[in-house]
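Residues annotated as domain 'G-protein coupled receptors family 1 profile' in TrEMBL: 50-301. Positions annotated as transmembrane segment by TrEMBL: 34-58, 70-95, 107-135, 155-173, 185-210, 242-266, 272-292.
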């Protein structure tokens, strides 16, 4: 009877298990440690390295005059901040002191909103890049006025200010659960739903227009300077394809996050086993895809943009030549020091073995000889 009761209670517990219990079990288990404690941190490190290299390459002379250069730099900065601050709670949870709950609560209250604000910036910068590219393809003459570098900087400032305003209420109303629920709804709409919907619409429009405006059919209409025109259209199509790929990855990677946010707003802690498993799987998948979304832009730039690859090769060559010249300089200084030592040895050679004697031995021998001379002199006088 006892075994049947245990089985019935175990099945009942499985049927009524909530998402919080599953999340705590997965966090303390092997799967959670591998996913959040190792994989997410490794992806974040590689993504940060790629985004730092992207910033360095975009600041090269060859890339400064490129289209949407300032927006790509802002996207790289937000892609560094968002996953880095999102990984800090997992670092303290797995590798920090477990007994210090106040530190973990402090990190969740004051560090996690920064990652939310950086995600807000990243999503709206992708929307801005896609809209600017759509305007360049549709209205090239108007794009020279509206898609200038000055306007890009203005848009970046506006997006940064809006992200700061969106996360500021978290620090004032973190002790009020009702206000926090309202803030989560507003943040989900502004930072996830709205940019995702706008990004999907712009991506579909740009995908439909790209073949009509800069495809091979359009290039055949130009009769004057066909080679130059074909080359410009080809480079234009490559940049547009690059932005289409960035927008596509943003849409795919943000979709599980959007679904998870909607489900958590409808039911924050589902207590049926199937819904709890679905919630936890979406949580794992959304975290991994968010890190991938923030880390993959360097790979996209390297594969689709020849100008970016050329600037990256020039930077690597300069770095290798710098270390090569530094190594040669060290070898030259070592050889000159060695030559100086050899010249000193040639100027002052050590002919006899007495030169190798110690100073104390030389002084003692001189004193012995002087005493012998004095003794001989005194004996001669006595005689």
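Quick reminder: no glycine exception, Cβ is built from N, Cα and C everywhere.
Sequence-remote contacts of a segment are chain residues at least 6 beyond its ends whose Cβ falls under 8 Å from one of its Cβ atoms, and for the transmembrane segment (70-95) they are 27, 33, 36-37, 40-41, 43-44, 47-48, 51-52, 54-55, 58-59, 103-104, 107-108, 111-112, 114-115, 118-119, 121-122, 125-126, 128-129, 132, 149, 152-153, 155-156, 159, 287, 290-291, 294-295, 297, 301. Taking every listed stretch (107-135, 185-210, 242-266, 272-292) in turn, the largest tally of C-beta pairs under 8 A with the transmembrane segment (155-173) is reached by 107-135.
Between the transmembrane segment (34-58) and the stretches 107-135, 185-210, 242-266, 272-292, the greatest number of Cβ pairs separated by less than 8 Å involves 272-292. If one looks beyond the transmembrane segment (185-210) by at least 6 residues along the same chain, the residues whose Cβ comes under 8 Å of a Cβ in the stretch are 116, 119-120, 123-124, 126-127, 130-131, 133-134, 137-138, 163, 166-167, 237, 240-241, 243-244, 247-248, 250-251, 254-255, 257-258, 261-262, 265. Per-residue pLDDT, averaged over the domain 'G-protein coupled receptors family 1 profile' (50-301), rounds to 81.
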